[in-house]
């Protein structure tokens, strides 16, 4: 998978103040939205003073869900369709409207329904061009008391978190479902959301007791050459709020849940501090939450954090802490990557009746009438795509067309074998333009020797080349002409490997391919107990060496040295 040079992108922060919960309250708010990019809050040490913070966006009680989504979230969706990752997560004290911001209501949807709807609409519009195919799948999980739970399949509890070879964070075993329409997504998402842990506290009647993460995976595949594929992910995170147990009245299970939530949020703060101070070690592994947000903070994603605040005076300390965390987070720098691959798909073979007219019609249908000016360059690109190989395949087909055979399939398999076995001597070439008469196995039947690519047709009869033999009934069989010197070398190399297995020490055994220190000690232990190895198959008797491992060992140490 290709990963081009990364760009730099700072975490974007939006601040949102909810209205007073009770309209009858007339107390002075502890914070005010000054303009679109600044917020003022009382100094909790001296309430006669105030502190001003600046962010990318600031929204007051009069701003709608639509405004926040259109300005702060929607621009990030374009990165996902280009093969990059994006994250949006809501942060703030308990009871400040994080779940409302992310999920919303049926009449006033939040970030998640709007983002999924726009992604599905964009994917359908892209697919209508016939140049791209887009597949969107979703996964939904929660972190409850430091355990990852699958909300799409409640039987999957305490799932592990892993990191692949490209550095991406993943959850093995997590359920993934493909969605084709918003109605299908809504049905799946609403059913899964009922499984999320919520409870009532003195500050919030429907307090989230877990962090939730909705993951959307977008795969965009090109339908014409060069058949590129882009892999993008969108993470939509609803964090549980930090809690002061002196005011929430938590006890028992609620107190344990609160401790787990505050611990993970504290680990999140430590990660941000480590990133801002340039530490070489960042404590992502201190909690499941920071592990899952590793791409979002200091990783390879475009990130937007929505900080939710409450205007009541008793939220002053919590709101100040949230603003301090948001102010630190906006300094974090991510390095988004574009994840793409290119499929080695062979050009579709056209019959002689199709000709250039068929190619023009196919591309015209794919591009549409308004894009006919693009047909010429695309045709030129397709025409040069392995055209030389196809001409040679057609040449050998004309040679044996009198028989009931499929020479193109035989030649294609030979080409595939050549590409896969680079360590082998050349067994099949691509230059199929000429045929040299000869004999095979002592028979007097005519044979055709396929010349290797870039070599003249008068090849040496002892070359490692497949030989096509036509029998009296007109059918064609492919044999492999093997030099006797090669067979002698094969046996000699095999005997050399057996000598090392029977008499070598640990260091000498480790010099063989596919043998490490552990396998070397196992081989010596078996040899001392049962005697020398007589055949390569005896290795299967050693503990831990299956027939598949032995075949791999044989290929690496004997066949690849031919």
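Every residue gets a Cβ built from N, Cα and C, even glycine.
Per TrEMBL, the feature ATP binding site maps to 92, 93, 94, 95, 96, 97, 98, 99. For residue 92 (ATP binding site), the same-chain residues 6+ apart in sequence whose C-beta sits under 8 angstroms from its C-beta are 98, 239, 241, 242, 307, 308, 309, 322.
What TrEMBL records for 10-332 is domain 'Kinesin motor'.
Cβ proximity to the ATP site centre (mean Cβ of 92, 93, 94, 95, 96, 97, 98, 99, cutoff 8 Å) flags the following additional same-chain residues: 18, 90, 204, 241, 308, 310.
Sequence-distant neighbours of residue 95 (ATP binding site): residues of the same chain at least 6 apart with a C-beta under 8 Å from its C-beta are 203, 204, 207, 241, 310, 315. Non-local contacts of residue 94 (ATP binding site) by the CB criterion (under 8 A, 6+ apart in sequence, same chain) comprise 201, 203, 204, 207, 240, 241, 242, 243, 248.
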